[in-house]
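Visitor: Pasting a structure below so you can have a look.
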Amino acid sequence: MKTSLDGYSHLDSPLHRWEPRLKLIGLLALISAFAFVRELYLLPAMLAAALALLLLSRLPVRFVLRRLRYPGIFILALAVILPLFSGETVLLSAGPLALHQEGLLEFLVIAARFAAILAVGIVLFGTAPLLTNIRALRSLGLPSLLTDMMLFTYRYLHELATDLRAMQTAMRLRGFRAVKPDARSLGGLASLSGSLLVRSYERSEHVYRAMTLRGYGREPRAPEDRQITPRDTAALLCTLTAAAAFVAAEVAL
Amino acid sequence: MHLPDGILPVSVLAAGYAATGAVTWYSMRRIGREEDPREGIPKASLLTAAFFVASLIHIPVPPTSVHLILNGLLGVVLGWYAFPAVLVGLFFQAVMFQHGGLTTLGVNAAVIGGPALLAYGIFRLRRLRPASRTLTGVLGFLGGAAGVGITVLLLFALLITTIPAELDAAAERTAIYALVLAHVPLMLIEGVFTAMVVLFLLRVRPELLGEKRRPPEVAVR
């Protein structure tokens, strides 16, 4: 389950240099504006904006494509379903199958929105270490319960995945094969999940004690936020203007 | 089993975020009433990570295999932490695997976390007869099955009523019923699985189900 969520956060680009809090505000505003878009004429502009951000971020193309692959399956399914079953104007027909104009247009809008939102999301979380982004979220006012949980969960995710793999290997070595959902297979897998929960629970008790010893629970030192430069603010203004423009265009058209 | 970006109209996305914000706020208030709310955070987070990982376990259902959602079990084990846990888990699935999405985070969290809290409510009926293993198993089954059942119902209702522009209401209802019926086997598997895990935890670590910790056994000589 090894993933390189922020594997390219060390690169240097205008987006990497952008102050994390302002970047979060700006790009999340842009993402929300993209969700508004339904007008066909706005799609090229939206895709161009997303592409420009991707290029500006200098994230490797392969990295971006790999992240688009998995959710692309869902979109492909829609590409089949919508044009065939939704709409009235028939564009093409072959036997019982007919390609409908409304469904096709609907699909284009969904696919474009999907690609643009995902691209901006990848830029947002690919151009800074996750810890920096979580700290930025915290200083923007996300409750500490949520940010603490994010940090912990992220910290132990890979470790527990490794634990799970080791336990699964051990089960296989002892002759466990799950082929159908009968009582034996389900029982084995249930014990596996239960053990995983118990292990993580026990570990969390140790972690909590160790952290209390190191002063967890006291008011944390205020993390030093990066200075906001005029360039950061200008970038934020540009992004917010673009976001507002998309929403305004959508409402006006 | 979550909705990706780009599909839902903005009004639904906003409603999803509003619902998620409200439930998170209420959950945090309930958590804040505990003796030491900080103590729960490492536990809830490691269990969140464990659930995240456990949902990768595949159950063979020939000719294919399914992975479980486990939101019922999550509600049973985490109680009021379940909703923030779902939110955090879905956030990571969205940013790490592009599974789900940032704009749909609110909707997905409401659709998965809401039923998790319901499963917690069902499981708390255990107080009626705390000693009964049968009741614990039955409530585990109900919690697991209801958790995934309601999630599936909400998801398909959302998808079908929002996407295709012109489908008549009767056809929409039929489609929702058909899709939910197709998921009944999954509900049964999830229910049985949840009951099994709950009974396992009751045997091995009852504290995980909210029981008081037993005093350590001291050998008396």
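Note that Cβ sites are derived from N, Cα and C of the backbone, with glycine treated the same way.
These came from TrEMBL, pasted as-is:
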type     : residues  : note
TRANSMEM : B:7-28    : transmembrane segment
TRANSMEM : B:40-61   : transmembrane segment
TRANSMEM : B:73-96   : transmembrane segment
TRANSMEM : B:102-123 : transmembrane segment
TRANSMEM : B:135-163 : transmembrane segment
TRANSMEM : B:175-204 : transmembrane segment
Visitor: What residues in the same chain, six or more past the boundaries of the transmembrane segment (B:73-96), come closer than 8 Å to it by Cβ-Cβ distance?
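Guide: Answer is 2, 20, 23-24, 27-28, 30-31, 40, 43-45, 47-48, 51-52, 102, 105, 108-109, 112-113, 115-120, 123, 140, 143-144, 147, 193-194, 197-198, 201, 208-210.
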Visitor: Which of B:7-28, B:40-61, B:102-123, B:175-204 shares the most C-beta pairs under 8 angstroms with the transmembrane segment (B:135-163)?
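Guide: Counting Cβ pairs under 8 Å, the winner is B:175-204.
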Visitor: Check the transmembrane segment (B:7-28) against the transmembrane segment (B:102-123) for contact, please; criterion is three or more CB pairs under 8 Å, pairs 6 or more apart in sequence.
Guide: yes
